[in-house]
Amino acid sequence: MSSTFSGDETAPFFGFLGAAAALVFSCMGAAYGTAKSGVGVASMGVMRPELVMKSIVPVVMAGVLGIYGLIIAVIISTGINPKAKSYYLFDGYAHLSSGLACGLAGLSAGMAIGIVGDAGVRYGAFIPLGFGRANAQQPKLFVGMILILIFAEALALYGLIVGIILSSRAGQSRAE
């Protein structure tokens, strides 16, 4: 490395790994939640097409998860500039943990949103004519589904908050 670099040479690797983890895992959660909820919306839309727009809420909530990962990835990547200031292993590990916290929370929230969204619009209880649809047959279930989706989305918000706190810890490993 050049003589202008100060800090640990491997530290930026961990920082960039954290940025990638935040974006990749959050987008994986968003993709899973969108796909799983979308299957439920599509199957319900065959029977009751007028309820499709009302049932699209889980798909939208799952899509927001990728934005959380993008926010943390941008925060981390702007904090990695080893030529401007020293970047030590502590900083790299702080950014890695920040990205993993946000990304894995987004992945778990996406899985929860997908399962709840699919079951919320497509009810799995057996009825004599086949499988019913929760939103199509039980309109009161919609409010409960939205509340569960909000709590599932809160998991990703917790990861975002922890990710911001952890990424702000980078640079505090030394007194400057």
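Including glycine, each Cβ sits where the backbone N, Cα and C put it.
Here is what TrEMBL says about this protein:
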- 17-76: domain 'V-ATPase proteolipid subunit C-like' (DOMAIN)
- 97-166: domain 'V-ATPase proteolipid subunit C-like' (DOMAIN)
- 12-35: transmembrane segment (TRANSMEM)
- 56-76: transmembrane segment (TRANSMEM)
- 96-121: transmembrane segment (TRANSMEM)
- 141-166: transmembrane segment (TRANSMEM)
Quick tally over 12-35, 56-76, 141-166 of CB pairs under 8 Å to the transmembrane segment (96-121) gives the top stretch as 12-35
Taking DSSP H, G, I as helix and E, B as strand, the domain 'V-ATPase proteolipid subunit C-like' (17-76) contains 57 helix, 0 strand, 3 coil
Whole-number mean pLDDT, the domain 'V-ATPase proteolipid subunit C-like' (17-76), equals 92
